[in-house]
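Features of the protein shown, as given by TrEMBL:
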type	residues	note
ACT_SITE	Ser142	active site, charge relay system
ACT_SITE	Asp281	active site, charge relay system
ACT_SITE	His312	active site, charge relay system
DOMAIN	62-318	domain 'AB hydrolase-1'
Amino acid sequence: YIPPLIWGKIGHIQTALYGKMGRVRSPHPYGLRKYLTMPDGATATFDLFEPQSEHCIGEDVTMVICPGIANHSEKQYIRTFVDYAQKNGYRCAVLNHLGALPNIELTSPRMFTYGCTWEFGAMVNYIKKTYPQTQLVVVGFSLGGNIVCKYLGESQANQERVLCCVSVCQGYSALRAQETFMQWDQCRRFYNFLMADNMKKIILSHRQALFGDNNMKKPQSLSDADLSKLYTATSLMQIDDNVMRKFHGYSSLKEYYEEESCLHYLHRIYVPLLLVNAADDPLVHESLLSIPRALSEKRENVMHVLPLHGGHLGFFEGSVLFPEPLTWMDKLVVQYANAICQWEKTKSHCSDTEQAVSGQE
């Protein structure tokens, strides 16, 4: 990975550009929005994008994508990645986190949370049922990386027809991360405040559905006092403690972070797993990187990629000053998926050849 010469080696600038600009000259891929009713009455949505060319192995492959915190299919970095994947022959299904789309109302008193896999699982099941011949490449960005890894590790059945999984810039353990997220080095406390402010706006935009007095389905532990605490919250941890954990009935923030992190599920993933982080990511403390490093040393199916630069979901490329539309991250995910697809096809071909030879004998 060769970042832009002038500013590309500064993680804060990479992160800020991603956060404020998303991507440069971002395309506008056309997709169909799908609606799924969840058992608790929530309405999950995802956008489906068909491939624009034949895949390199000539088969049907679908990328099931989970974006970062409070993100959805209309975000620029998602649009850029989807457009590139489509042009490489992949169908793409992108989850819209529950409550993240401003024009979609909540139909139950629940929003997306740090590790809830219900909506992502519903999307994957829809794809498997609708396209019985397709194989899956699972992709998660930031918080989405936690969700997809947790989903795969929750059940062996969830890994059926999955070729591989790619997680980019996740922190692996919210319990370990919460202390580092309150520290001022690398300005993490400031980033924490900005993300908390964004989460507050999203929650308050659904205030009636979540806190309304006429809402008989809302969690009993969610009260007007929690709404008051939400207004004064300055960190994600305060929001998680006062609101988010209560959607699923956790008694404490520690229990919520412990149960919802993918840390305890990673060793149950048996498909090829690519874990990508940047050494200068200001949101993910270096102590958290010991988790993927240790896992990759123990498991043959796991690869940990750690470039020195890239920030948080930045990874911009460019010669001197101006970044290119495609990032190193976009290319890496597609190239890794292509390599796994080719590998699986080669294994299948060898197996068929062996069976044919055995039959002749």
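Cβ coordinates are placed from backbone N, Cα and C, and glycine is handled just like the others.
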> From the Cα of His312 (active site, charge relay system) across to the Cα of Ser142 (active site, charge relay system), what is the distance in angstrom?
Replying inline: 8
>> I'd like the number of other C-beta atoms within 10 A of the C-beta of Asp281 (active site, charge relay system), please.
In response: 25
> Cα distance, His312 (active site, charge relay system) to Asp281 (active site, charge relay system), nearest Å?
Replying inline: 5
> Tell me, what is the mean pLDDT of the domain 'AB hydrolase-1' (62-318)?
Replying inline: 94
> What number of additional C-beta atoms lies within 10 angstroms of the C-beta atom of His312 (active site, charge relay system)?
Replying inline: 26
>> So if I draw a 10 Å sphere around the Cβ of Ser142 (active site, charge relay system), how many other Cβ atoms end up inside it?
In response: 22
